[in-house]
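Below are the features listed in TrEMBL for this protein:
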| type | residues | note |
| --- | --- | --- |
| TRANSMEM | 39-56 | transmembrane segment |
| TRANSMEM | 63-80 | transmembrane segment |
| TRANSMEM | 100-120 | transmembrane segment |
| TRANSMEM | 168-190 | transmembrane segment |
| TRANSMEM | 197-217 | transmembrane segment |
| TRANSMEM | 223-241 | transmembrane segment |
Amino acid sequence: MTTEWKTVSLFPIPSVIYLIHNNVQFATLTYVDTSTYQIMGNLKIVTTGILFRLFLGRRLSNLQWMAIVLLAVGTTTSQVRGCGEASCDSLFSAPIQGYMLGVLSACLSALAGIYTEFLMKKNNDSLYWQNIQLYTFGTLFNMARLLADDFRGGFENGPWWQRIFNGYTITTWMVVLNLGSTGLLVSWLMKHADNIVKVYSTSMAMLLTMILSLFLFNFKPTLQLFLGIIICMMSLHMYFAPPNMLLDMPLTVKPDEEKLIEVSVDRRTLS
């Protein structure tokens, strides 16, 4: 458990980035509809790959870059609705501010994830101690934001700590528990895997979401969803499979045959 201030002082940075990112998300929704927002959110897949290369110095092969782009295409395909619906016309009809905020949101999301991975792998501290630092600073910054809102509103509805649980139901608590568990699992991925694995796990979750929705909400899957899932599975295989499984590699030459080839080449050069 590293307690030096030089190390601890690095943990407020992702908290600030996530705070800005969350507010940018809400600002984006004031300019675009939910379908456009979901589709633009897939930009974070590509921005994560770019920042993964720039800031962490991880080299990706050409096949892996193609797989990342294919993943973004697959998730976008699964979220595009039929063009017979009214929302199809609104996809490219939002104000320019909405698209700019969407790109900014994708960049901030990727930056926060990459920086968090850097912190998690910076030393061998306990994962739980690192989570305590991340969530403590996140809580403090959000408390400061709530307090600022109270001062701005003149405490008309009372201080935030008196109404923070207003409207909470069993469903609300289940959502909080779900999101909290997800955050802990993501931190485990950051510590022992990387952001690309997180991106793939999030994208492939739509397959499980579709299966559960069939039973819980009588959901009718669309052709776009099936195509998107197939594309994402192809991307998953392209990124993580060994190259010899993806390409028809030439037959390996045995050492004795290599010597014969070298001798024949030498004789030709001498002649």
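Using N, Cα and C of the backbone, Cβ positions are placed for all residues, glycine too.
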Which bits of the chain, at least 6 residues beyond where the transmembrane segment (223-241) starts or stops, bring a Cβ under 8 A of a Cβ in it?
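Residues 63-64, 66-68, 70-71, 73-82, 196, 200, 203-204, 206-207, 210 contact the transmembrane segment (223-241) from elsewhere in the chain.
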Which bits of the chain, at least 6 residues beyond where the transmembrane segment (100-120) starts or stops, bring a Cβ under 8 A of a Cβ in it?
10-11, 13-14, 17-18, 20-21, 24-25, 27-28, 31-32, 36-37, 40-41, 43-44, 46-48, 50-52, 55-56, 127, 130, 134, 187, 190-191, 194-195, 198
Under 8 Å for C-beta pairs, could you tell me which stretch among 39-56, 63-80, 168-190 has the largest tally with the transmembrane segment (197-217)?
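Stretch with maximum Cβ contacts: 63-80.
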